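Structure first, commentary second.
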Amino acid sequence: MSRSAHPAGPRHADVLPEGHYSAPPADLNSLDPKVWSRTVSRDALGVVTVGGIDVKTLAEDHGTPAYVLDEADFRDRARAWRTAFGADADVFYAGKAFLSRAVVRWLHEEGLNLDVCSGGELATALSAGMPADRIAFHGNNKSTEEIERAVRAGVGRIVLDSFQEIVRVAHIAQSLGKRQRVQIRITVGVEAHTHEFIATAHEDQKFGIPLAGGQAAEAVRRALKLDGLELIGIHSHIGSQIFDMSGFEVAAHRVVGLLKEIRDEHGVELPEIDLGGGLGIAYTSDDDPREPHEIAKALTEIVTRECESARLRTPRISVEPGRAIVGPTAFTLYEVGTVKPLDGLRTYVSVDGGMSDNIRTALYDAEYSVALVSRVSDAAPMLSRVVGKHCESGDIVVKDAFLPSDLAPGDLIAVPATGAYCRSMASNYNHVLRPPVVAVHEGQARVIVRRETEDDLLRLDVG
Ligand code: LLP
């Protein structure tokens, strides 16, 4: 795979993935609603608009590159998850996908809870007024200081990830005179159908406590004995960008199996089960994600069925979608800087951002779509690769795409479905400044995370 070895040389990239993009799409100007946020369309002049504002105005007012986030779409998707799971379940938005104070407020207003996994995410959540009891604190190596802050703040749950952490959290809670609600994250031995770096419940990896070998049962035994802890449930997260529900089915089966063991051994029925996040979204027209109501129905049925057959009361279910809420709600707006045709290969289109604003292509071989958005074009399709401005040949944003052959410097192009894990994984590589996040809603654009400046860079560099 190109991520493990990226050979240099002029012809290193001349082979398209088999069966992929063998033919250009019928209409290069069309915008597939699967991959674009819901308020996106073209106006009478052919310019793409989102939230009632056209991209030329956005580029003029806020510069490029910029992440453009469709607030109505975000709220709709958050609400759809909330509604689908209903009052007997909890939806924790996974802040790692993208977190900002505006997003925290939207989530709060839409009735969602929040999963944070660092002191920084916790600080953002609390500073935007998310009630602490609606926050879950995650992470495989929380620092003592982070645990102390979370316990003091009164977070609704801490998800314990190791034997050491069981003792650490218990000790800290006790020394603060508190009893902390906790879940134990277990690895159920399921390998989700996804990139190996983001599958998390198979056993050979750093997260959670393995179910295998009785380790999870031992963790429960220890947690139940400690006065500083109130064990409320078991947590499992099997991976990310998953379309197939069968991994969740196996995970639920195994988690419920553990709940049964706990009941039989300790006479305790734990009241909660968290099945994590990981539901996939469409990055290209080939992807077919499920709707929240289908997912909710499937997960609820699986857990209910498993509990009935184990003669357990059905626990309260929670889920932690990140990508599935924010991913489709944003696109990255770039200006084309150079267009370089390489005879017989493809055309390299350089934009004013790159791997610093979207590392996913380089890191996971992720696929994206792209479109010319500042105008329509009738020109013939041109096999293209959208690349950034970084000093690295692996600096690719969209590996294989068709763009119109009259594409020229100054045109605006946009890459959809960049709401998740793009701004949150952005870097300053080559001292390139991280783009702003501009939220659009009913004809108004508002910067919710401002563009980084050279002063920001120099402020950290204390000489
Ligand atoms: N819950 C837990 C415990 C997690 O570790 C994660 C993601 C989620 C929920 C949310 O997963 P989602 O619904 O967003 O798939 N950087 C990678 C994804 C890493 C996911 C890490 N954990 C990517 O860009 O694809």
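Count begins at 1; order follows the chain as displayed.
Glycine is no exception: its Cβ is also placed from the backbone N, Cα and C atoms.
TrEMBL: automatically predicted annotations, no manual curation.
Annotation source TrEMBL lists pyridoxal 5'-phosphate binding site at G278, E320, P321, G322, R323, Y421. The secondary structure of Y421 (pyridoxal 5'-phosphate binding site), as reduced to three states from DSSP, is coil rather than helix or strand.
Marked as substrate binding site by TrEMBL: R323, R360, Y364, E392, Y421. On its own chain, R323 (pyridoxal 5'-phosphate binding site) has A94, A97, S240, Q241, G277, G278, L279, G280, I281, A420, Y421 as residues at least 6 apart in sequence with a Cβ closer than 8 Å to its own Cβ.
Residues or ranges marked as domain 'Orn/DAP/Arg decarboxylase 2 N-terminal' by TrEMBL: 72-327.
Per TrEMBL, domain 'Orn/DAP/Arg decarboxylase 2 C-terminal' is recorded for 331-419.
If you look up TrEMBL, you'll see K96 marked as N6-(pyridoxal phosphate)lysine. Within 10 Å of the C-beta atom of K96 (N6-(pyridoxal phosphate)lysine) sit 21 other C-beta atoms, taking all shown protein chains into account. Under the three-state DSSP scheme, K96 (N6-(pyridoxal phosphate)lysine) falls in the coil class.
Under DSSP, R323 (pyridoxal 5'-phosphate binding site) is assigned to a helix (H, G or I) in the three-state scheme. For P321 (pyridoxal 5'-phosphate binding site), the nearest neighbour among the listed recorded positions (K96, R360, Y364), judged by C-alpha distance, is K96. A 10 Å cutoff on Cβ-Cβ distances gives Y364 (substrate binding site) a total of 18 other Cβ atoms nearby, all chains included. Close to E320 (pyridoxal 5'-phosphate binding site) in the fold, though at least 6 residues off in sequence, lie V91, F92, Y93, A94, D115, A136, H237, D274, G276, G277, each with a CB less than 8 Å from its CB.
Looking at Y364 (substrate binding site) and K96 (N6-(pyridoxal phosphate)lysine), their Cα atoms lie 17 Å from each other. Checking the binding-site residues P321, R323, E392 against ligand 1, the ones whose Cβ sits under 6 Å from it are P321, R323. Listed in sequence order, the binding-site residues from G322, R360, E392 having a Cα within 10 Å of the Cα of K96 (N6-(pyridoxal phosphate)lysine) are G322.
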